[in-house]
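Colleague: Pasting in a structure now, in structure tokens, and then I'll have a few things to ask.
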């Protein structure tokens, strides 16, 4: 027996089979163990995430599509005040995703961000639904002020929950596919197509059927239906915790952004070397995750 035979592994096929059972993009399961391909992720997990995304979008658009009418008829605001308040509420909905994305990428992860803010969303919708079902509070000036404060409390809780969840649902769904697996990679692209489809269907449903119910049946009914869907989606999402794949938290994006700005200002007058291999590119750094990809240097913007 020569030296090459002695150095050869005894069971090469077994080690290869064992390695292929796990994802190679660094994802883990709920117990922080390497994620098994056959029992975690893939479409078995994405169906639950798409359901949450459908309910979240339907609830958001059922509020935003008819909020001016709600404020003018239920709270008896003028059209000018209603339009101004709707603009402020929509602005809050587009600002809060920054909060959700920062918490998800730096501290909690996408899963726990959804788990925390989904009940906040549900609480806000429950307040709005109850307030819309009890318009007698607005008959007197005393109760009218209380009613108005309660309604806006519910609206902005819903804005906080909706905005914080938006950057997490679709990205958490994409985490369920291994980008290094040639079989799972096309499924990730398919997931985004289905995500867009669910968003379109939920928008159509809320803008037609639910808005019609609000105008012709009652505000309580029109708000209660998406609220019920949101309540159901929470335990369904939690029930799938064991089949989800999770990403290990990487660097803080806010800290990285500040570092890039400072470095760009300090080195704006430096002459770049023609040989790109001379650039500082650490292979193993705490600022990169296992699934991250480096962008090649280019002269274009």
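Residue numbers in this text run from 1 along the chain shown.
Glycine is treated like the rest: Cβ placed from N, Cα and C.
Those TrEMBL annotations? Automatic predictions, nothing curated.
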Colleague: From 86-104, 143-161, 162-180, 257-275, which range did TrEMBL mark with transmembrane segment?
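Modeller: Result: 86-104 is the stretch TrEMBL calls transmembrane segment.
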Colleague: Which bits of the chain, at least 6 residues beyond where the transmembrane segment (86-104) starts or stops, bring a Cβ under 8 A of a Cβ in it?
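Modeller: Beyond its ends, the transmembrane segment (86-104) has Cβ neighbours at 60, 64, 67-68, 71, 110, 113, 117, 155-156, 159-160, 162-168, 171, 253-254.
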